[in-house]
């Protein structure tokens, strides 16, 4: 109404005056946006002289206040050089950082300054990686070195990052690309891309919107930095998260993770391959052969002296390679450094100005392994299950080793975890048997079968449950708050029921709690209310992103295969802010599969410590055979592992009188013993034996030289392809529905066989250009694990490629077990349907292939390797590949059944004697083996294995299995979507992927289009109340939500926004350089300085007012809302290693955007926005009225306090009011005025 009345009044002016008025207003706005506030004020005064409207008068008043504020702030913000790195950081921010955090910022800047494309910040959990990144970005933005940053993280960490940005850098423009409102997401992203700032999004949003994040106005958009938090999400290069992350163009990439290695070194390779864009560690095939295999073998207790020496030297070489790109500090390391330099951190304070707990004085942590005996009932079922086949048939749903392990783990925890049918057959109580159980539907509803059982029965059926109930009662009496972690929701159900019946006050977070606001509410309740003595959490959900320092005791009910998973759970308590001693109880049953799982945890931990530089030569606890024995039943009354650790570390325990009394009490509970997990690897091994071996063997030195040369060569090849544009990271084409459907109907047409393609730039023909001419002579047909293989040099001609290499006839090279040849091509990321391999295998067998994919090649023996690089040996790599690593590709064969048929085109290696085969046959064998590599960690799809060997496939391969199955389902869904009748009703944007590997393959390949959501073009107003000039011009721009205060409502997902303009960072936010003129308007303001808030508000004052008009027009997308719920539920899924669980794919992880199912109600302009990806349910009417009353009362109270001269109290009231309703310009300006008075 106000806008229409203003227009009516303007129309009463003469055309000349109206034109002048609108011109002055428009020019004044442009001047304000460009930072020229004096010119803007002058133009608004000219407009006022023509027609003095209320809006013009209001803007003149705001500009005058802003100019007065700037005039008072004549001094520049003060900056300090961080650790003499050259990066200037705002002094107030710098003084709040710990010393190790300053060193981390200097490391991040050194990556940029030295021209490295990326790196990994792998500090231990709880050392403040978030703060380091925020402070680093503050310095980079202040220096105008970056403009656009994309930050990707798990969903449950969004609020944490938004709060930290608002606290540490209130002047930084931070927007969230998340939530159910597509228009709001798009507007936030566009604002950052047009100006500068940080976009925060989630991995699930990345999966569904990677095209939008990678483009701007139809062109590829290159981010200055792409930063991944919890980067172990991409530990497998073939997962969809990793593929989509690679599709985002970026100048620099940073990874944050407290667990860079969780299971094997391939995960470390995957992280560096992404961070450094393939320019550091070569291809996965060569890395595994030259680095991973020797290092893993050297960590086993029964390794030979030569293997230990080789592993030590290879590990040192790997550390030298990654050192410039990798920084990791543990809590122990930082505390030790502080003890050596006590003056390093005097007078540190937190952002609120209060003294905080010095992290270097973190209290003691005792990590105890409590060895539990199985009860007679559990022991009887356990032994029978392992030894009798008919018992397995009763208890198992699918016959696979992994499913057997799942059943054994359930038996160790509680027999009631088995299905109701199995409980009835085992005569466990009088559990009911329903038809649902006959269909093997095991879900939470099965818990109803134990509702009628008494608590005493539930406790007495599990040795762990007996110990846990006694422990929790004792801890409650002592006044401790305890976290209880389990991988099973059913276990948490049992524990929760037992504790409630014992009148415990408990809280719980698991995968069923999908709303972030609900999780935060429970966390805050536990942190602030000591009456809640127990917090129940699933390991996967509660182990990441939570701070629960109110607890001092942690119970891990069941061990995970992944040592990092349990370590993350412990670090929810033992982190910065913890002031009390922490005790951890890991419950493990004696002689069972859990003890074997713990052994593998220790082995993986030794691998992690060595490869990340924590320990040069960690202690070796177990032999290879001991690690393999998963299904053997040991002594179930005592633990061999416990006795071994007792002998090694019994005298090293750090304790006090209270802890000694507590441990004595634990022994009274009938446990088998206690070990100290925190003392593992405290005994360093002498490297004398390895050093003696190094002096005697030139082979080891030459082997290390060879490994380094190969990865460097492959990395250089990758960089060359990237610089020549052969493998671009972003490709997009749009087609109309008719074109899509036309292409879709051609899927069944016979096509010439396409050549094999690679989907990652780093997984190319790894060493074909260097080693393709080597002939390997077999010395013995059947050999032990360490056989000899001799290498002679020959000249091999393959098509148009000519390879030549010369060396002495006596040189020796070694191949690891299971490798067909040195020249095998890594195709770990080759994505194909599972059934395609079987058909392809049959087809190749019909052609007469005799080579077995799993055939072992001659293995290693100590000798010498003389490597002479020659220019003639460097040949070009086959046809150019114009495909990026970020695209999921599928081939369609010309056969009737449409099975996949791939052919390798890499240069061949001639193998003499019995290993020789025709080139075509060997190519086929390599193609088969390449596909087998996709499943090498999958016991469910691999050929039957002996039970004792099965553990070799247990390296957390669920991601790979789910990835393969989900990609096949995704391919089917895409075909259906292309043929859908709805495709003809509206325009869709699609990504067309060309599967050609050469210019000639345009007609030989097929096109798969990825369906995206239809987009309705809308024009949104950027000005307030549909200004008069908008009515004349009819032009509108995007709207935006503003929250300019560091203490503003987190529900808005907005931190304060810096000044916009052609180069806003140069105008207000850059450190002052020598020789610059210091004026009141052009003084430098840091994003970390709260004084920058004044400029923020002035810059976007129109946007703040516009929210009142445009917020009512926002529409949310129910489809995406459901998608966000599904995302969080997926992120919270418990770890259940059963056959049925592992067989299920990640149904929500796809590259297509889901269609909205129904129109969403319009949101109120005054309603608070949801604080998570899941929209909050509509509040009741009375709650809305109460919130309105609270707002009015807070504003009134703030005005009264202001009149009384109580500035701080008034400011607090107004800030709380803004948290309820942040779009009131009057209250915001009043708040700014109070803040200004406090700063004077």
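Backbone N, Cα and C define each Cβ position, glycine as well.
For reference, Swiss-Prot has these:
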MOD_RES   14  phosphoserine
REPEAT    21-54  repeat 'TPR 1'
DOMAIN    110-278  domain 'Helicase ATP-binding'
BINDING   123, 124, 125, 126, 127, 128, 129, 130  ATP binding site
DOMAIN    467-631  domain 'Helicase C-terminal'
REGION    736-760  region 'Disordered'
COMPBIAS  748-760  compositional bias 'Polar residues'
MOD_RES   755  phosphoserine
MOD_RES   773  phosphoserine
REGION    778-813  region 'Disordered'
COMPBIAS  795-809  compositional bias 'Polar residues'
MOD_RES   821  phosphoserine
REGION    845-879  region 'Disordered'
MOD_RES   966  phosphoserine
REGION    974-1085  region 'Disordered'
COMPBIAS  978-998  compositional bias 'Polar residues'
MOD_RES   998  phosphoserine
MOD_RES   1001  phosphoserine
MOD_RES   1021  phosphoserine
COMPBIAS  1049-1065  compositional bias 'Polar residues'
MOD_RES   1057  phosphothreonine
MOD_RES   1092  phosphoserine
COMPBIAS  1104-1117  compositional bias 'Acidic residues'
REGION    1104-1185  region 'Disordered'
MOD_RES   1112  phosphoserine
COMPBIAS  1135-1165  compositional bias 'Polar residues'
MOD_RES   1172  phosphoserine
Give the residue from the binding-site residues 123, 124 that has the most other Cβ atoms within 10 Å of its Cβ, counting over every protein chain displayed.
123
Integer Å distance between the CA atoms belonging to residue 14 (phosphoserine) and residue 127 (ATP binding site):
67
Does anything in the same chain, at least 6 positions from residue 130 (ATP binding site), have a Cβ under 8 Å from its Cβ, and if so what?
160, 161, 164, 229, 256
Express the distance between the Cα positions of residue 129 (ATP binding site) and residue 14 (phosphoserine) as a whole number of Å.
62
Taking DSSP states H, G and I as helix and E and B as strand, how many residues of the repeat 'TPR 1' (21-54) are helix, strand and coil?
28 helix, 0 strand, 6 coil
Same chain, not part of 123, 124, 125, 126, 127, 128, 129, 130: whose C-beta falls within 8 angstroms of the C-beta centre of the ATP site? Give them in sequence order.
258, 575, 576
Only counting partners 6 or more residues apart, tell me which same-chain residues put their Cβ under 8 Å from the Cβ of residue 125 (ATP binding site).
258, 259, 567, 568, 571, 575
Considering only the binding-site residues 123, 124, 126, 128, which residue has the minimal Cα-Cα separation from residue 14 (phosphoserine)?
128
Within the domain 'Helicase C-terminal' (467-631) only, compute the mean pLDDT.
82
Site of maximum Cβ density within 10 Å, from binding-site residues 126, 128:
126
Specify the count of other C-beta atoms within 10 Å of the C-beta of residue 14 (phosphoserine).
8
